[in-house]
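Q: According to Swiss-Prot, the active site, proton donor annotation covers 20, on the basis of sequence analysis. The substrate binding site annotation in Swiss-Prot covers 28, 102, 124, 125, 126 and is backed by sequence analysis.
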């Protein structure tokens, strides 16, 4: 059995296959997931698993150099936005954070390796993680 925090085999597979700058989306419970994107559905019920819990677990496994958030996250769900930024800075103080509007974000999702759907129901709890290198 794996000793690291992340036990989900699908997420582990995707993160292990990611190269530099490849993207992984973590979303709330209601995202439109493009047909061409791999869907990793973790949602069990409202709030389970939580977005922040899922993000923290993935960050423990994946080297992330940049992220994409929506301006709507900051405007509509500011508490969540600040929790996300604080957590990201714990893992990488130099992380690059880009904000784009939600419609542009949905288009960008189709360029990521997979979409991890959580049970989160806080509006605009979505992020694209861009893989970094460990050297």
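Using the three backbone atoms N, Cα and C, a Cβ is placed for every residue, glycine included.
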Q: What is the set of residues, excluding 28, 102, 124, 125, 126, whose C-beta falls within 8 angstroms of the centroid of the C-beta atoms at the substrate site?
A: 27, 31, 70, 72, 73, 77, 105, 122, 123
Q: List, in sequence order, the same-chain residues at least six positions removed whose CB sits under 8 Å from that of residue 126 (substrate binding site)?
A: 25, 26, 27, 28, 31, 69, 70, 73, 105
Q: What span in Å does the substrate site cover, taken as the longest CA to CA distance among 28, 102, 124, 125, 126?
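A: Taking every pair among 28, 102, 124, 125, 126, the longest Cα gap is 13 Å.
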Q: Ten-angstrom check, please: count other Cβ atoms within 10 Å of the Cβ of the residue listed as 'active site, proton donor', all chains counted.
A: 10
Q: Expressed to the nearest Å, what is the distance separating residue 124 (substrate binding site) and the residue listed as 'active site, proton donor' at their Cα atoms?
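A: With distance taken Cα to Cα, the residue listed as 'active site, proton donor' is 26 Å from residue 124 (substrate binding site).
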